[in-house]
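Novice: Dumping the structure here so I can ask a few things about it.
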Amino acid sequence: MAKDTTGRLRVTVKSAGRLKLSSKLWLERQLNDPYVAQAKRDGLRSRAAYKLIEIDDKYHFLKPGIAVVDLGAAPGGWSQVAAKRVGAADGRGKVVAIDLLEMPEIVGVDFAQLDFLHAEAPAKLLSMIGGKVDVVLSDMAANTTGHRKTDQLRIVGLVEDAAAFACDVLKPGGTFVAKVFQSGADATLVTQLKRDFVTVKHVKPASSRKDSSERYVLAMGFRGVPTTHDADAPMATS
């Protein structure tokens, strides 16, 4: 073991058998990531939970008693945070987690294993939760191909789909939070969000790895009437 620049002991993984270099580097990063260790201590399912905690600590959109939907929720770190903050376990708030994959139960969270892109998904969610929601969360990332431009388009396309879903299910004044990656490809997305929400900004939590282009788009104050087809709608300032 060696110490890193902060004085912490750093674990180095020796190459063993058929372990690929990419797997070795990923394992080293996981073993040396303080947020991974903290998540285990706090009983959280992923380090990503701290990103939502940081964003909400600053912008305060997860309020007790509100309704939240978490898209692409597995393994459930964001759903855990949302459930705790809105009081879902004691029935004050509601959280619905949606994913194509199965997800172990979380107290206070209703789970729907479905494709949010399906035409009937918004109606099914509204039926489950008993009306429109206050917050839509998305920490989803599109499958990548290794081709930079193709991957950027896939990533932005997924966020655009999540934003369209949010506009179908949000109450006026609602909030949409989604993972994006820094690139020029999301300009159209931001323009559209500024038509549908009062405030739109990018956020980079400290728990997001410094070497990652990952950041989050935070759209607050849903106007209540999606303007997808209104190209002449006035744009709000962020």
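The backbone N, Cα and C atoms fix where each Cβ goes, glycine too.
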Novice: Per Swiss-Prot, which one of Asp57, Asp99 shares the S-adenosyl-L-methionine site with Gly76, Trp78, Asp115, Asp139?
Specialist: Asp99
Novice: At the Cα level, what's the spacing in Å between Trp78 (S-adenosyl-L-methionine binding site) and Lys179 (active site, proton acceptor), rounded?
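Specialist: The Cα atom of Trp78 (S-adenosyl-L-methionine binding site) is 12 Å away from the Cα atom of Lys179 (active site, proton acceptor).
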Novice: List the Cα distance (Å, whole number) between Gly76 (S-adenosyl-L-methionine binding site) and Lys179 (active site, proton acceptor).
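Specialist: Gly76 (S-adenosyl-L-methionine binding site) to Lys179 (active site, proton acceptor), Cα-Cα distance: 15 Å.
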Novice: DSSP on Trp78 (S-adenosyl-L-methionine binding site), three-state: which is it?
Specialist: helix
